[in-house]
């Protein structure tokens, strides 16, 4: 979806680099943010600062389909990676400094990929040489900031890197905060009504970087300073909004996926979803048809080994049930929409549970109690009419408290049924006794 070429004097920029376990997810997040900016009709270029090892296929997609201009750069060396508190996932975030080298533009709004734009925010280009939001009372956030490109500043920053300027976190956040230490004392940005650009440094209103955690307390936005324009998700990396499991654990995840549905879509995930669905359906059908013969195993064993065999089969049975709830979670495409993803997870865990149920002649309901518990927890978390986040948290805790006894009873029943099943003669027929009925499967 290439955009019409125009000579803009301002740009929205983001960065993309390789070397983390979540490269593809951030690539998708970048595409969704670019598409959303285009959809809002922003009057600015879209720039992606991409390291040289970003796949060319991704670069072509960003340029030809998403309308971005890709600037390929050499990764800046991070001199802080040997610090004791250094997080390896931030090793290449200093590439963000390349934003100051975009001297073809008057102003650049530098963005992290986890920004969710609610409305057009081009008035940010009226801000001064550097502007950022304080989502922490004393430290501004580098997930969104405005800058005036300058090769002088860019070269000075690189010199500071070589000198080893103090950086508490070893990432872009600590370095840029140290480079602009007096921003807290600067005035608040208010865009001039005549559209002129300001000089100097300014604090941006919180409405330009609404931390998602603020939402979860009241379950609505209540940010009085500045337009409520941009949501940011600076929390745990595995709960970023593009991960399907982030909703309904965190209610705002569905907002990001709704934006993706309207812009990028989910074409790339559909083949994997169809394959998994067909596989699970086949497992359910085959295990049901094979049930009469599934558990009739024949072993060459002596009496003193029967307890050892039973113990081994118990371990296999228990782990097969546990795996039924774990395996589907990890093989679902991580960036799938939460609604089909949770549906596929529940269907997959049911299908895999059916293997243990039919192989070990276990009662269905106790084995599926965790399945019903997970389904119920999703309904409790997704309930849309809580008055605030505290009530929601209490409801989730109450549900977990009430569900725990049922899970314990189900575990006891499964273990008891498993013991009964393993002690049946049908499970351990003695060699040399009467021939088994037709269809008996001998496994040696």
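Cβ coordinates come from backbone N, Cα and C, glycine included.
What you are looking at is a predicted structure, and each value in this text was computed from that prediction instead of being measured.
Residues 328, 331-333, 336, 340, 344, 347-348, 350-352, 354-355, 357-359 of the same chain sit 6 or more residues outside the transmembrane segment (270-290) yet have a Cβ under 8 Å from a Cβ within it. Taken from TrEMBL, the feature transmembrane segment applies to 270-290 (among others).
Annotation source TrEMBL lists transmembrane segment at 311-332 (among others).
Summarising the annotation, TrEMBL assigns transmembrane segment to 344-361 (among others). Counting same-chain residues at least six beyond the ends of the transmembrane segment (344-361), those with a Cβ under 8 angstroms from any Cβ of the stretch are 273, 276-277, 279-281, 283-284, 287-288, 290-291, 294-295, 313, 317, 320-321, 323-325, 327-329, 331-332, 336, 367-368, 371, 374-375, 417-418, 421-422, 424, 427.
Annotation comment: TrEMBL describes 368-387 (among others) as transmembrane segment. Counting residues 6+ beyond its ends, the transmembrane segment (368-387) has Cβ neighbours under 8 Å at 219, 247-249, 251, 325, 342, 346, 349-350, 353, 395-396, 399-400, 403, 406-407, 409-410 in the same chain.
Annotation comment: TrEMBL describes 393-416 (among others) as transmembrane segment.
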